[in-house]
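Participant: Starting off with a structure, shown below.
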Amino acid sequence: MAYSQARDFMFCSFCGSMLSLVSPKYAECPLCKFKPSAKGILGREIGYTITAEDIRRDLGISHVSEGMKTKESAALIKQTCKKCGHPELEYTTRQMRSADEGQTVFLVCPNCKFKDTEN
Ligand SMILES: [Zn+2]
Ligand SMILES: [Zn+2]
């Protein structure tokens, strides 16, 4: 027997016997002598697909949690710039580490980039 039976198990679709791969093109059932094409069998055998998700899991790469990203919201408020008199300032709020420090408001003038903070 030129081709090893150590390949993936293949079974005869008629009698269920294990098929022997007798050539690169055909397998043969030892019982009923059914000769399916190896291409069709092997195509089915390796028909499953490995998804990117499986690969990531294998490599131990987990999704970066959205919560890990720092969220800064910028908005415009009607406040006059102390430096250039621009009528609107961009403000971002940031929660300080300790709760009793409260939120610090950062004000940035979109016109002259003057920075100010408010507690
Ligand atoms: Zn058979
Ligand atoms: Zn300004």
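Quick reminder: no glycine exception, Cβ is built from N, Cα and C everywhere.
What TrEMBL shows for this protein is this:
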type	residues	note
ZN_FING	12-32	zinc finger
BINDING	CYS12, CYS15, CYS29, CYS32	Zn(2+) 1 binding site
DOMAIN	77-117	domain 'TFIIS-type'
BINDING	CYS81, CYS84, CYS109, CYS112	Zn(2+) 2 binding site
Participant: Using a Cβ cut-off of under 6 Å to any atom of ligand 2, determine which of the binding-site residues CYS15, CYS29, CYS81 qualify.
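Facilitator: Listed by sequence, the hits are CYS81.
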Participant: Could you state the whole-number distance in Å separating the C-alpha atoms of CYS109 (Zn(2+) 2 binding site) and CYS12 (Zn(2+) 1 binding site)?
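Facilitator: So the alpha carbons of CYS109 (Zn(2+) 2 binding site) and CYS12 (Zn(2+) 1 binding site) sit roughly 77 Å from each other.
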Participant: Residue list, the domain 'TFIIS-type' (77-117) vs rest of chain: Cβ under 8 Å, 6 or more residues beyond ends.
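Facilitator: Same-chain residues near the domain 'TFIIS-type' (77-117) but 6 or more away: none.
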Participant: For CYS81 (Zn(2+) 2 binding site), what residues in its own chain, 6 or more apart in sequence, show a Cβ-Cβ distance under 8 Å?
Facilitator: PRO87, LEU89, CYS109, ASN111, CYS112, PHE114
Participant: I'd like the number of other C-beta atoms within 10 A of the C-beta of CYS29 (Zn(2+) 1 binding site), please.
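Facilitator: So the Cβ neighbour count for CYS29 (Zn(2+) 1 binding site) comes to 20.
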Participant: Taking only the Cα atoms, work out how far CYS15 (Zn(2+) 1 binding site) lies from CYS84 (Zn(2+) 2 binding site), in Å, as a whole number.
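Facilitator: Here the two Cα atoms are 90 Å apart.
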Participant: Would you mind checking how many other C-beta atoms are within 10 angstroms of the C-beta on CYS109 (Zn(2+) 2 binding site)?
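Facilitator: Taking all protein chains shown, CYS109 (Zn(2+) 2 binding site) has 20 Cβ neighbours within 10 Å.
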Participant: In whole Å, how far does the CA atom of CYS29 (Zn(2+) 1 binding site) lie from that of CYS84 (Zn(2+) 2 binding site)?
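Facilitator: Cα to Cα, CYS29 (Zn(2+) 1 binding site) and CYS84 (Zn(2+) 2 binding site) are separated by 90 Å.
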Participant: State the Cα to Cα distance, in Å, between CYS84 (Zn(2+) 2 binding site) and CYS32 (Zn(2+) 1 binding site), rounded to an integer.
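Facilitator: With distance taken Cα to Cα, CYS32 (Zn(2+) 1 binding site) is 94 Å from CYS84 (Zn(2+) 2 binding site).
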